[in-house]
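Encoded as structure tokens, the structure appears first; notes follow it.
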């Protein structure tokens, strides 16, 4: 949970959306799906395994139906756009009053191969969505959920290869790109009149920054705009958007502790003073680290990788507890804790569910062994409750905050670990998660947030990221033949799960020298040291993509003694 004054991080501090109660009846519609091919893998011979691949074709189809079940309800007559019954609608600065769920789900339809529904949804967005509204929105949420989705869908439509099937739109004239530009222009006032260059957390889409705007924002909310703003700049040939986002990242980076290299979670945008001194991997900081790496992957700017490497080294030095190696040695399982950014001292004994994204990020940098351990910890919590509580106290072995808003982070890491290891254990995990969602969260008109992970009571809302991320990662986990995996195109997922192809066009930056001239202080070291090329790698003893050998593919990814240790750690046994 965020503090009362902090702006939202990746999913962290956002006010919660409302969905609806009441009956839903969806008439049958004709849609065109790409049918996933069943796997033909051999049966595992050891403990992880009864053959989990046998049912994954059905699981993929089932999850596609789950997605369509909700989207059908969402767009049914009388339930148009953000509401079902207006008396039950709680519009807030996450929803934005601009058809958030519809926009956020566009590329999920394409990935599932449903060309007819994708085309219908795109036309609906073009014809009905406008940002010319007297609505105050969160800059971060509008960027990752709406701007990112518009850019992703635009690139899918204009991709000459059309890997997902024919997703072209007749007479399409770059409308989604124009809408993305319009939204981004309306967000730009957030970057004005701040002494640090760190943006205000909220803007009004018509009037700009509200007069009573808060001067405090969280690090992830202000520092996780570079991917979407950078893509927009490079598609338009206009440096403005990337420049303001990159300036914010550098401003935050230069405020890190001289002693530990860590950043806090809440900062004053006028003074640069750290209001929240907690440094961790969850709420308030998560996507800041994620976007340092993903900005490098997408744009190829070395300073982004340099900052990420330095940040990762500080994380390993001060946040990581437990034995040095994940799958060998003695001691407690590795765990990343919340510490004081200046001293590195433990601040509390809880972690939040957002941190479950970190194993997926570790997969991207090749630190697969460490990812296996951290993922096993979060999966053990899921096994105990059938969901992830928003905040879990690892010392008390009990939740501190009990709700579960259908978050995707554990599913995301499960998907990426399966892609990295091909271990069927992660298919078991995916099926477990899917079955829990069906059992505990499916309701008459969609899927509901769990208000309490123990008694399984529900809330009348469903976050848009359930369709843009949770559904998408589950579907891709079970659909091995998906074009994402087989088309030959390299893809990257944004922090909201929107898919972006990694290509040379996005690595072309005619204003690169301008950025380096305006950047001011060296972004990596306050001493001015810039790593030499051979140093541009993650500094961690277990970083090695090839460390998981083929013979371990059909056994537990974590030795049984360590798996039991983690189960004991969360009170499962």
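Cβ coordinates are placed from backbone N, Cα and C, and glycine is handled just like the others.
According to TrEMBL, the protein has these features:
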type	residues	note
REGION	29-53	region 'Disordered'
ACT_SITE	141	active site, proton donor
ACT_SITE	286	active site
ACT_SITE	390	active site, proton donor
ACT_SITE	409	active site
BINDING	495	Ca(2+) binding site
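Taking only the Cα positions, the spacing between residue 141 (active site, proton donor) and residue 495 (Ca(2+) binding site) is 11 angstrom. In this structure, the CA atom of residue 409 (active site) is 11 Å away from the CA atom of residue 390 (active site, proton donor). Highest local Cβ density among the active-site residues 141, 286, 390, 409 belongs to 286, counted as other Cβ atoms within 10 Å over all protein chains shown. A distance of 10 Å separates the Cα atom of residue 286 (active site) from that of the residue listed as 'Ca(2+) binding site'.
Across the fold, the C-alpha of the residue listed as 'Ca(2+) binding site' and the C-alpha of residue 390 (active site, proton donor) stand 18 Å from each other.
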